[in-house]
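Notes to accompany the following structure.
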Amino acid sequence: MADAKPSLARDGTMQVTAKEGIDYLKSEGKTKLLEYQGLAQPTEDKPGLQRDGTMAVTAKEGERLLESTGGAPDEDAQTRGQQRKIDDIKNETAPESPAKKAKLAKDTTMLVTAKEAKDLLGKEKLGDTRQDTAKRTANKPAPKRAVTMAKTLEEAKYVLEGKEVDVNEGRRTRSQSKPAPPKPPVKRAGTMQKTAKEGKDYLKRGKGKGKGKKTEDDGDKVEEKEEEGEEEKGEEEENKDGEDTK
């Protein structure tokens, strides 16, 4: 028979679980529970370091992040878009206030006003109130009309180079004062011309050579008379136009 080999002692499941639990508690720093159970030796009392919890650490990290990005969000902002709008409004630069005008001393402004009043009024005297000044101006005698009319007539004579001015005559414009241009003589077909034309037509329609010769002579005489009549009419019209221009 073969020799019996020595068997290795193995921890059971409960022992393994207990060791793992002890190691876990030690890693978490919870050794007091092990000390109460007698599973660990009591250690000397050392001041434990205070560690912030998860919430405290998260809060601190959030504050640092907000400081780097520009501060905490506004209380009224419920979304990121609203926060952006609020930031844009805050970043808007207010218009610069206009520079304040230097106030003038009261004495200087009063002096300037007094000088301007003297230049404007001249020698005119004012009353204590507006009613007094209105009464003074109302009591001034109005200029005589006859005197002003005489002066106007004298000025008109000087402008017209000594020509007499008719006061009763209405106003004239420059175009009316110019002499009218002479009218060209108008030639009109008078009764004699019409009669001569009718006579010529009648004589042409006449019969016989002898009669034709007589009619031609008569026609020449009629034409001479017409020419004389036209010359007389032209002279009469020229004489009339000359009288109109005068």
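For all residues, glycine too, the Cβ spot is worked out from N, Cα and C.
TrEMBL annotations: computationally assigned, not manually curated.
Model, not experiment: these values are computed from the prediction.
According to TrEMBL:
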{"type": "REGION", "residues": "39-246", "note": "region 'Disordered'"}
{"type": "COMPBIAS", "residues": "84-93", "note": "compositional bias 'Basic and acidic residues'"}
{"type": "COMPBIAS", "residues": "115-135", "note": "compositional bias 'Basic and acidic residues'"}
{"type": "COMPBIAS", "residues": "152-172", "note": "compositional bias 'Basic and acidic residues'"}
{"type": "COMPBIAS", "residues": "195-204", "note": "compositional bias 'Basic and acidic residues'"}
{"type": "COMPBIAS", "residues": "217-246", "note": "compositional bias 'Acidic residues'"}
From the DSSP assignment alone, can you count helix, strand and coil residues within the compositional bias 'Basic and acidic residues' (115-135)?
13 helix, 0 strand, 8 coil
Using DSSP, how many residues in the compositional bias 'Basic and acidic residues' (195-204) fall into helix, strand and coil?
10 helix, 0 strand, 0 coil
Under the DSSP assignment, what numbers of helix, strand and coil residues are found in the compositional bias 'Basic and acidic residues' (84-93)?
8 helix, 0 strand, 2 coil
